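Only one structure is covered here, and it is reproduced in the block below.
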Amino acid sequence: MLNMKMKLKNVFVMYFFVSILGLMYALMQLGQPCDCTQHMKQNSDFVRNQDRAISKLQNEVKKLQAQVKPEEPPKPILPIIYVITPTFTRLVQKAELVRLSQTLMHVPSLHWIVVEDAATKTSLVTELLKQSGLQYTHLNVETPKDFKLKEGDPNWLKPRGVEQRNLALQWLRDNRELSDEGVVYFADDDNTYSLQLFQEMRFTKRVSVWPVGLVGGMRFERPLVENGKVTGFYTAWKPNRPFPMDMAGFAISLQLLLANPTAHFHLEAERGYLESSLLETLVSIEELEPKADQCRKVLIWHTRTEKPKMKQEEALQKQGLGSDITIEV
Ligand code: UDP
Ligand code: MN
């Protein structure tokens, strides 16, 4: 019996040692390098190839990103404002046109139609338009001699800029279509225009109207508005005219003008009736669209430039000492 116990104990002790040795061997193997270089080589080749493919793709993405410009928010399409300006040669012409063009440069979606009252286009206007960077059309037509103001005539004696404005209307009829969205405004070269005015007129449906400052012998003239509708006009001079308004006080939709192909300014119109001669055929007073805070805001001034005195220049010219005429003023 004792012998049996001893044998069992030895078996247990043996088993214990063998287990410990086995465990130790296993632990030692964990930290040992194994002969798996082949396996590792395959692995690292695979990783390297993948890296190469990824960096290739990244380069492709970079190239494509460079090609695609950063996305800009789409600009709203604005109806074009066609500004029609008659102009004629005189000492202050360049000053007037520089001032007006530099106002217009601030107005988006604008096309300037400049019509010279001259038999041929002058280099002064040609160059000024070219350098303005504006979208423009340059035309010319001479006012018939019988209708032209003579030196010393008071300027109210004859209508001014009539044939020039009509030529611009003809150009629009020849070069634009009924489906084109736009608005037409007659802007003399000597007036003063607020930029807000162009915002007011931009979405004219038929004919929009607003006050004009420093005109008609008054601080301002303006359409009178009740409940959003034009009911009459605040003016002192010939108030019974169909449309007692200055040229600068209204804008017409391009579509309305194109839909009425014969509408034009009448060269023979009685004094003060030029604006009416065109508007009468296009709208009624009830249809007018009041702008500029229900016609309570003055955004355009009928300014006029003083004729410069040339006393000294003329005296010098008589002595053959006049200023250098190759210098443009
Ligand atoms: N104008 C013109 N030919 C002329 C006189 C004037 O083309 O013989 C132009 C002028 O440059 C201006 C518009 O017609 O753009 C109105 O003329 P003006 O300013 O003299 O008129 P007023 O201010 O007296 O209404
Ligand atoms: Mn004027």
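From the backbone N, Cα and C atoms, a Cβ is placed for every residue, glycine too.
Features of the protein shown, as given by TrEMBL:
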type	residues	note
ACT_SITE	E275	active site, proton donor/acceptor
BINDING	D190	Mn(2+) binding site
SITE	E221	site 'Interaction with galactose moiety of substrate glycoprotein'
SITE	Q312	site 'Interaction with galactose moiety of substrate glycoprotein'
TRANSMEM	12-31	transmembrane segment
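Shown on the structure are the features that TrEMBL records.
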residue : record                                                             : contacts (Cβ under 8 Å, 6+ apart)
D190    : Mn(2+) binding site                                                : V92, E96, T303, R304, T305
E221    : site 'Interaction with galactose moiety of substrate glycoprotein' : P211, V212, V215, F233, Y234, T235, P244, M245, D246, G249
E275    : active site, proton donor/acceptor                                 : F243, M245, D246, M247, G249, F250
Q312    : site 'Interaction with galactose moiety of substrate glycoprotein' : none
From the recorded positions listed here (D190, E221, E275, Q312), select those whose CB sits under 6 A from an atom of ligand 1.
D190
Where does the residue listed as 'Mn(2+) binding site' sit by DSSP, helix, strand or coil?
coil
Based on DSSP, name the secondary structure state of E221 (site 'Interaction with galactose moiety of substrate glycoprotein'): helix, strand or coil.
strand
